[in-house]
Amino acid sequence: MADSTQPLLSDSNSSESKLPPPRTLDETIEQCIGDFGWAQFLQAVLVSFAWVFDAQQTFITVFTDSQPTWHCLDSDRCNSSSNFCTLPNQTWSWDFNPHVSTISEWGLQCAGSLVKGLPASSFFLGCLVGGLALSTLADSSLGRKNMLLLSCLIMSLSSMLTAFSTSIWVYAFLRFLNGFGRATVGTCALVLSTELVGKKWRGQVGAMGFLCFTLGFLTLPLLGYINNGNSWRYLYVWTSIPTLIYCCLVWCFVWESPRWLIVKGRKEEAVSILQSIGSNAITMSFSDLCLDVQESSNPDVYDALRILVKKPWSLRRLLAVMAVGFGIGMVYYGMPLTLSNLNFNLYLGVVFNALSELPAFLITFFFMNTIKRREALIGFTALSGISSVLIASLGQQLGSLQIVLELVSFFSACTAFNMTLIYTIELFPTCVRNSALAMVRQALVFGGVFSPVMVAAGRENQFWSYGMFGLVIGLFGLFVVGLPETRGSVLCDTMDEEETKNLTKEHIIG
């Protein structure tokens, strides 16, 4: 009977046998871990669950910073159509305790739109700064797991501190800090989960994170409804404690990416992890793992980013996919904030928006292996843009159809959002993949920075919210035309390998 535990690769020092060509990481991981087993599934679920807390912190201000309803106390001097900013304080009152919202607690109901939108904008600004400061650490020194742990920890602690804010300025600063920590949560979770499996399951595993984000989004209206009439501070407490517990689980049970370990020259650790999650009876040693990967020797923190922009082809890809991400991000983060501008129940609106992410997830999960990336992104960005422009141009003439078009636009943006992240993973090699994905997420968030201001301006004229949303996502979606198609492609590990693959593809086409 043949030995079922023979080394994965033949001895590299043997001169009597013909050596096979070096294996790629895709080939090695496929052979080591076999089919998608329970070990990989549990790892993917645990890592992807970080998206739940990401979603909660991203959209929590929809409830904590909403403007509460009010009623008249003096019917002779006040009516429901009055502007309470022009009324004496003794003629009207909030329907609930002022502590239900930051707007009513700190008397911001008559403040300018920039002040009202300051916490939300500060959060997205923190995401930008955090992405720039932390993004390359996952590729260079900390790795995927430690960066995920650090990000969740910052997000949890800052959320807890937010509950003790004493003014709008302290609140905005803590929201900035929260966004700073949150910036790399989704990036690390997506990269780490997809690098633990082969290309066959890459799209499905990546889609798990999108499903968890949807679940996190759905918990917000539930928490908001339970907290209805109570202080907004409880929402931050209820979302921070589970995140802290999750950090402990990551520390104890999540493995580092074997791809990243091999690229960093830490082969023994990579072998140990592959053996732990492998479903095949294969043993390996340090000397057996002779892969076609160049080792790096403790590069500078921002080496990955410098490598990313050094090659012209890589820079062109990065700028194009970031432009697409900017347009998608403006709609994706802006649409839930504009629900208060529609004549529709806020809680139901948020629920419907969250539920519209489910078909986006299903499309990504079941059809990612068959969908052409470029054509799909152009189609979904165009559909989102057209729906948004129709809301702005027809306005009140649509009546209840406004919410239908809003859901179509948001669903299209969600699907495009998911596909853009998977597409980015396939466009860049392992050595810079996390940094590239982080930069694209930065572009998505950068679109979100403008959303609160545009939502505030859209209360007077919907062109400045829905109209601009539609034009931006439709036009910026066209940048995908200059990107290569990656459906079914093999993940490369170095810049040279990716460049060689592109030259070979161009030669074949030519």
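Glycine is no exception: its Cβ is also placed from the backbone N, Cα and C atoms.
Of the given residue ranges 276-295, 376-395, TrEMBL assigns the label transmembrane segment to 376-395. Range 315-334 is the one annotated as transmembrane segment, of 255-274, 315-334 (source: TrEMBL).
Here the transmembrane segment (180-198) does not touch the transmembrane segment (315-334). Their Cβ atoms form fewer than 3 pairs under 8 Å, with each pair 6 or more residues apart.
On the 0 to 100 pLDDT scale, the model's mean across the domain 'Major facilitator superfamily (MFS) profile' (43-485) is 85.
Residues 57-58, 61, 65, 102, 147, 150-151, 168, 171-173, 175-184, 187, 301-305, 333, 337, 434-435, 438-439, 441-442, 445-446, 448-449, 451-453 of the same chain sit 6 or more residues outside the transmembrane segment (118-137) yet have a Cβ under 8 Å from a Cβ within it. Within its own chain, the transmembrane segment (232-254) has Cβ neighbours under 8 Å at 43, 46-47, 49-50, 53, 56-57, 60, 63-65, 99-102, 105, 145, 148-149, 152-153, 155-157, 159-160, 162-165, 192, 223-224, counting only residues six or more beyond its boundaries. Counted over residue pairs 6 or more apart, the CB atoms of the transmembrane segment (376-395) and the transmembrane segment (463-483) come under 8 Å in at least three pairs, which marks the two as touching.
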